[in-house]
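Participant: Right, I'll just put the structure down here and ask away after.
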Amino acid sequence: MAAAEAQYDLLVIGGGSGGLACSKRAASHGKKVAVCDFVKPSPPGTTWGLGGTCVNVGCIPKKLMHQAALLGEGMTDAESFGWEVAAPKHNWETMVGNVQGHIKSLNFGYRSDLMSNGVKYYNAYATFLDPHTVEAVDKKGKVTKITASEIVICTGGRPRYPDIPGAKELGITSDDVFALKSPPGRTLVVGASYVALECAGFIKGVGYDTTVMMRSIPLRGFDQQMAGLCKTYMQEHGVAFIEGAVPTAVEATPSGAKKVSWKLADGSVGSGEYDTVLFAIGRDVCTSAIGIDKAGVKLSSNGKVPTVNEQTNVPHIYAIGDIIDGEALNPPSATTELTPVAIQAGKLLADRLYAGKSALMDYSMVATTVYTPLEYGAVGLPEEEAIKLHGEDNIEVYHSYFKPLEWTLPHRGDNVCYAKLICLKPEGERVIGLHVCGPNAGEMTQGFAVAIKAGATKAHFDDTVGIHPTVAEEFTLLATTKRSGDSAEKSGC
Amino acid sequence: MQHLCWLVLAACITPLHALALTAAGGQRLALRPSSRSPALAMGAVRQVTTEEFEAELQDCATPILLDVFAVWCGPCQLMAPEMDKVAEHYGDRCRVLKIDADDEAEVADTLQVRGLPTVLLINDMSVVMRAEGALMADELKEIVD
């Protein structure tokens with residue numbers, strides 16, 4: 001059967017947040033646009049609908065499951081506020097069912113959105129034949145040859161498996177955990193990325209024994225003092241950590257459990273039995289199986305795409321989202337793999353291509369939040385980066401430990417939450433980094449991100465009247481510098 | 001309420017057959033006479049697959065009231081018992097069908113369903129009425145009448 005043929009102004013390969021935003025914006029400028037999206041099943045066989053990682057196997061389900069864990073914590077706290085409730089019991093199947101239902105509604109919304117915007121959707125896997133042509137194959141094997149004047153690649157990434165026996169046969173990843181039909185039971189999470197710690201956090205939070213196996217440091221790329229606070233909180237709330245270890249094999253036991261063997265940094269070995277082994281050791285971008293060489297697009301050694309203003313080395317081919325090489329940006333950015341970054345980049349790109357606009361994507365000062373049990377919000381540079389970039393003498397760090405008012409009645413930990421501002425002294429103490437560990441860190445950080453984007457200095461924070469009693473007001477009250485060596489802890493009763 | 005001319009739908013239904021054809025391993029999909037048993041069909045809402053829906057379309061003897069729904073859609077659940085009432089009311093004078101928008105996404109796309117539930121009245125292979133959102137039995141009957 002001869003392949004069907006179709007021609008577009010713009011073809012977007014990958015129906016994640018960035019690709020969808022870009023395609024709809026391009027269509028709104030009167031262009032003929034198509035999106036190809038196709039999810040290859042994960043090794044355990046999980047697959048999902050239109051919308052990409054964030055919607056299906058990322059931000060959305062993880063925040064909902066984080067919320068499930070927070071509610072559990074809240075129910076424990078409730079007693080101190082006078083509520084007399086029976087010991088809560090969590091039902092994994094109910095949570096997964098409702099989360100998956102919500103995801104399906106988002107998938108439907110995206111499809112209907114494309115329809116309303118006149119964007120043609122192909123649920124098909126696109127592979128380049130030449131720089132202007134792809135072959136799109138759907139699940140039934142139907143082939144469509146699509147040519148386009150411009151092409152945006154945004155194929156995203158997928159979790160990496162370690163190259164050890166049994167990993168793919170017996171392990172799962174974040175591609176699977178949000179759709180797990182039965183409860184995870186005793187869980188080993190391998191890795192200490194934000195994906196690893198978030199998953200370990202909510203699995204423990206809804207009631208399952210959870211162990212994290214980490215090779216080196218938690219939350220690589222993030223401020224390490226903050227990463228340490230997130231990890232300590234998890235440890236104090238029952239998550240076990242095996243540090244300096246890498247797994248060497250996973251085997252099925254006769255009872256149906258998974259026996260994981262590992263090797264420690266000192267050469268010694270260990271093993272343990274788990275019901276679920278979740279690998280979260282990093283992600284690989286999906287650029288190796290789309291015939292990208294036929295398009296002539298050059299890749300970095302890690303498979304990512306170097307871009308200048310989203311343009312690849314091939315002038316009519318662009319890249320957005322997880323696949324762009326943040327290290328190759330000028331200045332380098334560690335916050336390229338974020339849904340709102342991809343959306344913004346995609347919209348601005350479509351505006352430049354088809355609406356004569358000139359605004360460029362700014363990959364700096366992007367706020368983000370890690371949804372570990374103790375949430376961590378950040379804008380700008382980690383302290384180590386700030387020092388490396390500007391020199392220790394040019395940096396002033398203001399900081400404070402604090403305890404949210406809401407934690408007082410249930411007597412939850414003193415000096416667990418923490419706020420710090422990293423200021424650049426030669427520029428009038430302009431804030432170049434804001435970090436906070438505490439409840440609702442995301443909500444706090446988003447607002448501060450606007451101020452920091454606008455160039456806020458420490459004086460602006462000092463001049464701002466706080467809202468009492470909130471956690472965020474801590475940032476208007478910061479008086480202790482790290483340099484002073486004075487205690488940033490608050491004393492008890 | 002929006003009237004859709006069959007021309008639009010007809011253009012879309014063709015590729016729908018093509019999809020079914022490929023699924024059937026390259027053999028032409030036999031347009032079976034409707035396999036429903038009258039005893040079962042009488043007064044009940046029937047959930048159909050893409051293939052079954054195509055077969056129903058070929059049968060122009062009675063109009064079809066089609067509910068495009070999803071299991072996660074609250075208003076869809078609200079409307080389900082109303083559809084039952086309608087099916088019971090019309091008996092064999094109207095086929096009351098429902099189709100899952102997630103499981104049968106091609107049909108939902110072909111029918112240009114942008115919100116759920118969407119109710120379509122199909123007569124003689126044409127969509128003659130469509131409505132979005134949960135409707136009560138009386139309102140649904142108005143569409144059919």
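Using the three backbone atoms N, Cα and C, a Cβ is placed for every residue, glycine included.
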Participant: Out of A:Gly109, A:Gly118, A:Gly272, A:Gly282, which one does TrEMBL list together with A:Gly191, A:Ala192, A:Ser193, A:Tyr194, A:Val195, A:Ala196, A:Leu197, A:Glu198 for NAD(+)?
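Facilitator: So the NAD(+) site in TrEMBL includes A:Gly191, A:Ala192, A:Ser193, A:Tyr194, A:Val195, A:Ala196, A:Leu197, A:Glu198 plus, from the candidates A:Gly109, A:Gly118, A:Gly272, A:Gly282, A:Gly282.
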Participant: Which residue in the list A:Cys36, A:Cys59 does TrEMBL annotate as forming a disulfide bond with A:Cys54?
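Facilitator: Checking TrEMBL, the candidate bonded to A:Cys54 through a disulfide is A:Cys59.
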Participant: Of all the recorded positions given, namely A:Cys59, A:Asp322, A:His468, which is spatially nearest to A:Val195 (NAD(+) binding site) at the Cα level?
Facilitator: A:Cys59
Participant: Compile a sequence-ordered list of residues in the same chain as A:Asp322 (FAD binding site), six or more apart from it, whose Cβ lies below 8 A from its Cβ; state 'none' when nothing qualifies.
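Facilitator: Correct list: A:Gly16, A:Thr53, A:Cys154, A:Gly156, A:Gly157, A:Arg283, A:Val285, A:Thr336, A:Glu337, A:Ala342.
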Participant: Rounded to a whole angstrom, what is the largest C-alpha distance between any two of the residues A:Gly191, A:Ala192, A:Ser193, A:Tyr194, A:Val195, A:Ala196, A:Leu197, A:Glu198, A:Gly282 that the record assigns to NAD(+)?
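Facilitator: That value is 13 Å for the farthest Cα pair.
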Participant: Under 8 Å Cβ-Cβ from A:Leu197 (NAD(+) binding site), six or more apart in the same chain: what's there?
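Facilitator: In sequence order, A:Val189, A:Val212, A:Pro218, A:Leu219, A:Cys230, A:Lys231, A:Met234, A:Val370, A:Thr372 meet the Cβ cut-off.
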Participant: To the nearest Å, how far is the Cα of A:Cys54 (disulfide bond) from the Cα of A:Gly191 (NAD(+) binding site)?
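Facilitator: A:Cys54 (disulfide bond) and A:Gly191 (NAD(+) binding site) have their Cα atoms 20 Å apart.
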